[in-house]
Amino acid sequence: MITLNNQDQPVPFNNSYPDEYEIAALVFYSCIFIIGLFVNITALWVFSCTTKKRTTVTIYMMNVALVDLIFIMTLPFRMFYYAKDEWPFGEYFCQILGALTVFYPSIALWLLAFISADRYMAIVQPKYAKELKNTCKAVLACVGVWIMTLTTTIPLLLLHKDPDKDSTPATCLKISDIVYLKAVNVLNFTRLTFFFLIPLFIMIGCYLVIIHNLLHGRTSKLKPKVKEKSIRIIITLLVQVLVCFMPFHICFAFLMLGTGENSYSPWGAFTTFLMNLSTCLDVILYYIVSKQFQARVISVMLYRNYLRGMRRKSFRSGSLRSLSNINSEML
């Protein structure tokens, strides 16, 4: 099987993957699907249906939950592929899933950048606090990012063909890791700059200014609760970007710069796993931002504890009844 390298020369494409990778992918994606589905459905319901006073952060969180859900709903197809070692869903659907591997981190990073800018306004520019309630601007910003991300992702459906599409059984190499994305470097470098470096610099700039103002006591007029909440959000965003998105994009850049055989890349597979992990780590953001989400999570946990307690009581009562029956028979 062949594909093209950076110089548009055909090179072999090795479609063999270690058994350990397929087992790890099955276990990992199963956990991500179960946790992420519950977390993001709950978040989307809370932010869209139960939140009475919507702010700009609420709008951004609704979009984060929606993007997470779209990506999570593709995981069962990935799990089927790793379990069966074949792809019965057709090449076009394979291309869509491969494109979503690029679409998700692109739009997620811009949404996180918007949240960072929002916290900058809340801490550094409290006199513009009214703007934080202007949800119309937040909606327009989100719509703009959706349009831009879709516009730059759609070419992936047109430019990339599965090099192994005629094999038996059929495969879908695009969803394994990001190694197949090497073919069109001009588009990839543009995407890397606009959808990773620019939002990353926005976040870093906001964080540096916020830290500078906090250290020099220029936020004394700010309520302690608002300050504490904003700091928690900033730390959460920073950890999420460093753990989930930065390794993925660094690997992406090295793959574009590299030449030679396109084959299974442990580093590419691992960083793709980390990127998927972001769909679950967003629960920390939801929990910090929304009291309604906190209440919903706590109620679910309490209900599970209640059910567990009821099972223990029924088990104990059943054991006591059995013991009394045995004693009566002995008497």
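Even glycines carry a Cβ here, placed using N, Cα and C.
Given the structure is predicted, the values throughout are model-derived calculations rather than measurements.
For Cys94, the partner cysteine in a disulfide bond according to Swiss-Prot, taken from Cys31, Cys172, Cys206, Cys244, is Cys172.
The record in Swiss-Prot shows differing topological domain names for Lys84 and Ser290, meaning opposite sides of the membrane. Scan Swiss-Prot for N-linked glycosylation site across Asn188, Asn276 and the hit is Asn188. Between the listed residues Asn14, Asn40, Swiss-Prot assigns N-linked glycosylation site to Asn14, with no corresponding entry for the rest in that record. For the transmembrane segment (192-212), the partner stretch with the highest count of Cβ pairs under 8 angstroms, out of 27-47, 57-77, 139-159, is 139-159. With respect to Cβ pairs under 8 Å, the transmembrane segment (96-116) is most closely packed against 139-159, considering the stretches 27-47, 57-77, 139-159.
For the pair Cys172 (disulfide bond) and Asn188 (N-linked glycosylation site), the Cα-Cα distance reads 21 Å. Counting Cβ pairs closer than 8 Å and at least 6 residues apart in sequence, the transmembrane segment (269-289) and the transmembrane segment (57-77) reach three or more and so form a contact.
Under DSSP, residues within the topological domain 'Cytoplasmic' (48-56) fall into helix, strand and coil as 4 helix, 0 strand, 5 coil.
Put simply, Asn188 (N-linked glycosylation site) is 19 Å from Cys94 (disulfide bond) when counted between their Cα atoms. Residues 54-60, 202, 206, 209-210, 213-214, 218-219, 221-222, 226-227, 230, 233-234 of the same chain, all 6+ positions outside the topological domain 'Cytoplasmic' (117-138), place their C-beta atoms under 8 angstroms from a C-beta of that stretch.
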